[in-house]
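Participant: Below are the features listed in Swiss-Prot for this protein:
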- Arg107, Arg127, Ile128, Tyr129: hexadecanoate binding site (BINDING)
- Arg107, Arg127, Ile128, Tyr129: (9Z)-octadecenoate binding site (BINDING)
- Cys118-Cys125: disulfide bond (DISULFID)
- Ser2: N-acetylserine (MOD_RES)
Amino acid sequence: MSNKFLGTWKLTSSENFDEYMKALGVGLGTRSLGNLAGPTVIISKSGDVITIRTESGFKNTEISFKLGQEFEETTADNRKTKSTVTLAGGKLNQVQKWNGNETTIKRELVDGKMVVECSMASVVCTRIYEQV
């Protein structure tokens, strides 16, 4: 994994996040809180274990994983998923699977910013983070 992903990132823009959360099945109350949250994401690495910690006024979450190995994840909206993160073409690609559903979260670096594309069925959300 490129060390360029490592560090602290702050959300600066978000498009279609409410629609994405609806597609995930997130209720109105949780969506309202999620839309207000301006998360900070901290990506670190120790050996071959990558940790992504997301901190916000809504909820803090943390996942630690090895590339290509499935792990159990409890998401900020309390979904229990089987997740796998891979690296391809300079992008960190995360797939979450639960109850017959699947969503993808792709992270890539563009002009020094981390662009995160979240997809569920035909709904796509784009969130942009700047390094702090």
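Every residue, even glycine, has its Cβ placed from backbone N, Cα and C.
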Participant: Of these recorded positions, Cys118, Cys125, Ile128, which scores lowest on Cβ atoms within 10 Å?
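Facilitator: With the recorded positions Cys118, Cys125, Ile128, fewest surrounding Cβ atoms within 10 Å: Ile128.
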Participant: Just the number: how many Å between the Cα atoms of Arg107 (hexadecanoate binding site) and Ser2 (N-acetylserine)?
Facilitator: 12
Participant: How far is it from Tyr129 (hexadecanoate binding site) to Cys118 (disulfide bond), counting Cα to Cα, in Å?
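Facilitator: Tyr129 (hexadecanoate binding site) to Cys118 (disulfide bond), Cα-Cα distance: 14 Å.
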Participant: With the hexadecanoate site defined by Arg107, Arg127, Ile128, Tyr129, which remaining residues of that chain have Cβ atoms positioned within 8 Å of the Cβ centroid?
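Facilitator: Going along the sequence, the neighbours appear as Trp9, Leu11, Val41, Lys113, Met114, Val115, Val116, Thr126.
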Participant: Below 8 Å Cβ to Cβ and six or more residues apart, same chain only. Which residues does that give for the residue listed as 'N-acetylserine'?
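Facilitator: Result: Gly90, Leu109.
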